[in-house]
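**Student:** Copying in the features that Swiss-Prot gives for the protein in this structure:
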type    : residues                                 : note
BINDING : 37, 38, 42, 150, 151, 152, 153, 154, 174 : D-ribulose 5-phosphate binding site
BINDING : 38, 153                                  : Mg(2+) 2 binding site
BINDING : 38                                       : Mg(2+) 1 binding site
SITE    : 136                                      : site 'Essential for catalytic activity'
SITE    : 174                                      : site 'Essential for catalytic activity'
């Protein structure tokens, strides 16, 4: 990742700390991955705090595929089958079947309906019957171990919201340009500045977590 672009957001450690602080304040975060991987930026939010306005922003400026990152434990609690048995996607992205809240939504497409679906899925006492399948929210199963196991946006989202003190559930969506192309680092950084989002890379988060583990041992 081009460090010149990122230097305005502090050191790698500071970028992670700023991301954690933003999530605690109810703001979104821009998470960039490696230029040699997907080379994209995802807007991420804590599932517990995401607002209808933030969802509307995400739908308006994102790919439209709004994903709810969950742990394997939560996936089992909700009895969500994986979308395919044999995952042949380039990065092994862990999509489950799509979901909709069983109650409190109309078509399920609006920002408010998607928030209702997310709240239903992350409720402490959530059960499979609280959700209909398919729907307009795309759950993603994170790998245990987070970014230290898999350097994906799914795991980064779970790691960041957990570090911020929230339950391990977060929302992500890839940022796109107005012409429909994928936003790359310069566009992602400009968007983040405009919308008061800190910028952090998955590489930053890997380093941060490795340092945490060294300290703990």
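Counting begins at 1 with the first residue displayed.
Cβ coordinates come from backbone N, Cα and C, glycine included.
Help me picture where these features are in the structure shown.
**Tutor:** DSSP classifies residue 151 (D-ribulose 5-phosphate binding site) as coil under the three-state reduction.
Within its own chain, residue 136 (site 'Essential for catalytic activity') has 66, 98, 100, 107, 108, 109, 113, 114, 117 as residues 6 or more apart in sequence whose C-beta sits under 8 angstroms from its own.
The Cβ neighbour count for residue 174 (D-ribulose 5-phosphate binding site), using a 10 Å radius and every protein chain shown, is 21.
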**Student:** How many neighbouring Cβ atoms, not counting its own, are there within 10 Å of the Cβ of residue 153 (D-ribulose 5-phosphate binding site)?
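**Tutor:** Within a 10 Å radius of the Cβ of residue 153 (D-ribulose 5-phosphate binding site) lie 30 other Cβ atoms.
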**Student:** Including all protein chains shown, what's the count of other C-beta atoms within 10 A of the C-beta of residue 151 (D-ribulose 5-phosphate binding site)?
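**Tutor:** So the Cβ neighbour count for residue 151 (D-ribulose 5-phosphate binding site) comes to 19.
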